[in-house]
Amino acid sequence: MKVLLLSHTPDPERVVVCAAKLCYSSLDISEIYEKKNESDFEFIRKLIKLGHESPFEHISFTFGIEGVSRVFLAQLTRHRIASYSVRSQRYVKEENFSFVIPPEILNFPEAKREFEKAAEASRIAYEKITKILNDNNENSEKKSIEDARYVLFGAMETKIVCTFNARSLLNFFKLRTCKRAQWEIRDVASEMLRLVKKVAPNVFSNSGPPCIQGACNQGKMGCKK
């Protein structure tokens, strides 16, 4: 798994402060933006505490994510306030057949063997179906692989570029860094959080699972940490 922070809004915390203060100021936008105060950092934290989160929608972060599964992709795209670009299995033929194997399966040799057998069967079926469709129906390769891909399973690796605004990210981290989240999306979310803290430390200083700010809100399903 590899996560890159490809780009972000320049000087993101100043943008948040400017947007928030504009709501209550008679000054021109340029004056608000250029005026820096040491208390701005505390001001950002106060906005989050008060639930005044709309100013955080003005800053965005774009990530490149590699070596993750299609299972992960299905979970990630449930976060609808974001933009996604994904390597297409319709236009890009699968050749390397890289799979993400869950750690729990790796812990048991018998389970790992069964997983690898299923992966190999999927690969063979994909290649056979692609060839059959090409040979018998005179389809283009694109037409063949768009149908053959139906035999591929969720562990197939994929690559994603996604963009979130900070408000959406705060919600994403609350849900996906929690120990109740599945291991793969939790690992990616934790790395995304580490990266954005470098460029917007005050925005994300207390970001993470709800328990870091108090009691767990998961009830009987909590991790008891």
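The backbone N, Cα and C atoms fix where each Cβ goes, and this holds for glycine too.
Remember, TrEMBL labels are computer predictions, not curated facts.
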Taking R113, R149, R167, R194 as the options, which does TrEMBL list with Q75, L76, T77, R78, S88, Q89, R90, R176 at the dUMP site?
R149
FAD binding, same site as R78, H79, R80, N165, A166, R167, N171 - TrEMBL member from S54, S140, S205:
S54
Those recorded positions listed as R78, H79, R80, R90, R176, and which of them has the most Cβ atoms within 10 Å of its own Cβ:
R176
Pairwise CA distance, R80 (FAD binding site) versus R176 (active site, involved in ionization of N3 of dUMP, leading to its activation), rounded so that it is a whole Å:
14
Which whole-number value in Å describes the distance between the Cα atoms of N171 (FAD binding site) and T77 (dUMP binding site)?
14
If you measure from the Cα of R78 (FAD binding site), which of the recorded positions S88, R90, R176 is the nearest?
R176
When DSSP is mapped onto helix/strand/coil, what comes out for T77 (dUMP binding site)?
coil
